[in-house]
Amino acid sequence: MSNKEEIEESSVTEGLLRRNGSTGGSTGSLRWVDGNELVDQEVVIDNNEGIRESNYGSVRRRLKKPKRVDSLDVESMQIKGAHGSQHKQDVPLLATLALAFQTLGVVYGDMGTSPLYVFSDVFSKVHITSEVDVLGALSIVFYTIALIPLMKYVFIVLKANDNGEGGTFALYSLICRYANVNLLPNRTPADECISSFKLKLPTPELERAVYIKEILERKSLLKTLLLLLVLMGTSMIIGDGILTPAISVMSAVSGLEGRVPGFNADALVIISIIILGALFSIQRFGSSKVGFTFAPALALWFFSLGSIGIYNLLKYDVTVIRAVNPAYIYLFFKKNSSKGWSALGGCVLCITGAEAMFADLGHFTVKSIQIAFTSVVFPCLLLAYLGQAAFLMQHPQSAGRIFYDSVPNSLFWPVFGIATVAAIIASQAMISASFSCVKQAMALGCFPRVKIIHTSKEHMGQIYIPVINWFLMIMCMLVVAAFRSTTSIANAYGIAEVGVMIVTTTLVTIVMLLIWQTNLLLALWFPLVFGTMELIYMSAVLSKILEGGWLPLVFASLFLCVMYIWNYGSVLKYQSEVKQKISMDFMDELGCSLGTVRVPGIGLLYNELVQGIPSILSQFLLDLPAIHSVIVFVCIKYVPVPVVPQEERFLFRRICPKDYHMFRCVARYGYKDVRKEDHHSFEQLLVDSLEKFLRKEALDLALENKLSQPELDSNSVMRPRDNAEVDVDELKVPLMRDQRLEIGTSTSEPSITASVDEDPGLEYELSALREAIESGFTYLLGHGDVRAKKNSWFIKKLTINYLYAFLRRNCRGGVATMRVPHMNIIQVGMTYMV
């Protein structure tokens with residue numbers, strides 16, 4: 001059943017009041033089962049629960065401006081249990097080595113294939129006229145790899161992970177947990193009780209960190225700038241996911257030029273597009289299977305790089321080891337001046353894919369990535385560049401095809417085959433990183449809902465996103481067809497790579513100051529060293545802005561706009577829902593019948609509010625001839641942690657008096673959590689948690705009364721609070737009056753527990769809950785349309801009414817996300833003016 005309407009708040013209130021007045025004293029014959037069946041049953045409604053017509057105006061004012069703000073934080077009760085560990089368990093050595101082997105096929109493919117094109121691009125800008133050119137370029141490459149991937153990422157950035165999750169959004173979630181800088185105002189103190197939410201902070205806390213935290217929380221401009229910085233880094237990672245496959249595949253296939261007669265640029269483009277199509281088609285099998293399949297090929301590739309490098313080094317010129325002297329960098333720039341500066345943009349290509357070491361961390365572990373890089377990747381890459389430099393010392397004319405020319409003729413075709421496979425695999429690093437970043441952004445409210453497929457039962461971080469996969473494939477093919485050469489793509493490639501590194505450096509510096517509370521000199525040393533290097537590289541690659549460097553900026557700007565518009569619209573929608581939520585005074589005047597007929601069944605009303613009663617309830621009361629006897633307001637909330645332990649998933653509280661049978665349930669998920677459970681298991685888990693909540697509530701009440709009434713004897717004395725007789729027929733609806741019982745002191749805890757189990761109020765409520773469960777669940781979904789107010793600025797109207805509305809229409813709806821049968825769903829619409 002679906003009934004979408006745009007409503008105004010005043011008409012909702014008047015409709016509710018008219019309905020409440022007309023149904024008083026009448027009988028109905030409606031019982032809703034699963035939201036679509038009608039079964040005869042007589043229901044009696046008390047006349048005294050109506051709302052007088054004279055209260056029209058006051059009720060409308062209360063609905064528009066609630067006097068009472070519900071405090072989920074103070075009044076809620078948490079279902080407690082054994083807390084899960086917030087860190088990954090220690091992985092055995094063999095398992096760590098197996099993961100390290102997989103990283104070769106997923107994380108390091110991009111960096112491993114950089115020897116295919118680094119020196120070719122460098123010496124397309126600088127012609128080799130002396131050994132200074134070769135040794136200077138080699139020295140730059142050596143120190144770039146040693147400082148940024150090895151020193152920065154392996155030893156520092158990987159330690160800034162969020163419980164084993166990496167990427168720019170992982171850093172953002174760490175900052176959001178320490179300082180309340182999230183623009184979506186749904187954080188509650190109860191979130192800080194989640195075991196995985198807690199941070200290991202130094203004791204005592206430094207005044208510097210507290211001061212910075214207060215500034216970030218107080219200045220809304222700084223919050224927006226921090227979010228934009230994170231979104232910019234994420235956008236550039238996705239841009240890398242477009243350019244990496246294009247340049248890697250074309251670089252490998254270009255080896256056929258000069259070897260196969262008639263192999264021209266058109267053949268290069270066609271074969272590259274065919275290979276790219278095959279690459280993106282296998283992504284659905286998951287990074288674990290892809291990693292195990294590709295890892296042997298990459299291991300062979302790194303072995304080939306190291307072996308060929310040693311061969312060339314020993315055969316041609318072993319003295320190129322002199323490049324470890326950084327003085328050759330100075331001599332290189334002194335000799336080539338502006339051309340050397342332009343060639344610096346080619347040198348940065350040696351660390352392409354370095355960000356994947358951090359972004360793909362959720363697929364693996366810190367130790368596995370560290371072991372693979374230090375023991376395999378770094379030494380093999382170093383030997384490969386040394387060998388190519390040694391070859392160029394005697395064959396400077398081969399700079400354009402340095403990799404394939406330096407391969408012995410007898411090994412050309414085997415190496416070409418391995419290089420092609422390695423280039424295909426190289427694309428896997430940034431594709432997997434793009435999937436991880438999109439999932440994190442979506443969970444933290446910065447990306448439209450898209451379909452996510454979890455491809456591994458052992459590792460939650462291994463995912464596949466179809467729409468992103470096919471988008472990347474189409475863009476890669478267009479890039480290959482438009483640029484038609486690796487040199488042109490290389491001009492565009494460096495900007496996105498260096499941009500992501502600058503964002504990571506900035507966020508890690510903030511983490512050092514706020515969370516690690518590192519010594520100020522060390523915290524400043526990190527951005528001073530690495531930030532300066534990256535800014536120098538950025539100035540070099542920006543010089544190629546007209547030669548193709550504009551392409552990653554366009555891609556990054558596109559994704560940045562999509563993510564910011566979605567976050568901006570979501571924040572305005574949430575703020576509007578908070579302003580329009582129903583006041584408790586209005587609910588008290590409606591009475592426990594809610595102005596309509598209450599029939600057995602559980603209604604799960606989904607909304608985004610973490611506290612208060614959403615205004616969409618008014619529309620349901622207007623449109624439905626009956627409402628369920630038990631109503632649970634369910635809020636699916638993502639908190640800035642990777643994983644929320646299952647026993648801490650639900651946060652319950654009671655809304656209104658007991659005879660209303662209304663509860664709030666906040667289902668909390670981390671951005672890495674897997675929501676693969678079907679609606680049946682979710683319903684069962686919710687009901688079990690609700691029953692535990694009711695029992696804990698009764699137990700806490702008994703303990704409270706025990707402490708407050710010490711003068712009573714040891715026998716429990718139970719009597720109704722208002723001394724009113726319980727109407728048994730009314731309980732059968734079931735709609736109960738408040739059955740809160742006063743319980744006397746007891747000499748022991750078991751006596752109190754026994755008295756709670758015998759509490760008629762608790763038993764009545766549990767029996768009502770069981771009866772509602774037998775009648776079935778109905779999902780009440782509110783479709784909230786968002787429109788800008790008429791007096792809003794033109795840019796705001798354009799953003800909300802068209803761009804944000806377009807994203808909402810084309811993203812996955814709540815029904816698809818929850819995978820609930822349509823026969824169990826009732827949906828109504830409401831327009832929010834923001």
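Cβ from N, Cα, C; glycine included.
Here TrEMBL flags 1-11 as compositional bias 'Acidic residues'. Feature annotation from TrEMBL assigns region 'Disordered' to 1-31. Summarising the annotation, TrEMBL assigns domain 'K+ potassium transporter integral membrane' to 99-585. According to TrEMBL, the feature transmembrane segment maps to 134-155, 221-243, 263-282, 294-314, 340-359, 371-391, 411-431, 463-483, 495-515, 522-542, 548-566. Sequence annotations record features per position, and here TrEMBL assigns domain 'K+ potassium transporter C-terminal' to 600-832.
Long-range contacts of the transmembrane segment (411-431) within its own chain (CB-CB distance under 8 A, at least 6 residues past either end) are made by residues 105-113, 116, 237, 240-241, 244-245, 248-249, 251-253, 255-256, 259, 275-276, 278-280, 283, 287, 290-291, 294, 297-298, 300-301, 304, 308, 353, 356, 360, 403-404, 469, 472. Each of 221-243, 263-282, 294-314, 371-391 was scored by its Cβ pairs under 8 Å to the transmembrane segment (495-515), and the highest score goes to 221-243.
Under the criterion of 3 or more C-beta pairs below 8 Å, with sequence separation of 6 or more, the transmembrane segment (463-483) and the transmembrane segment (263-282) qualify as touching.
Across the domain 'K+ potassium transporter C-terminal' (600-832), the prediction's mean pLDDT works out to 73.
Against the transmembrane segment (134-155), stretch 340-359 has more CB pairs under 8 A than any other of 221-243, 294-314, 340-359, 548-566.
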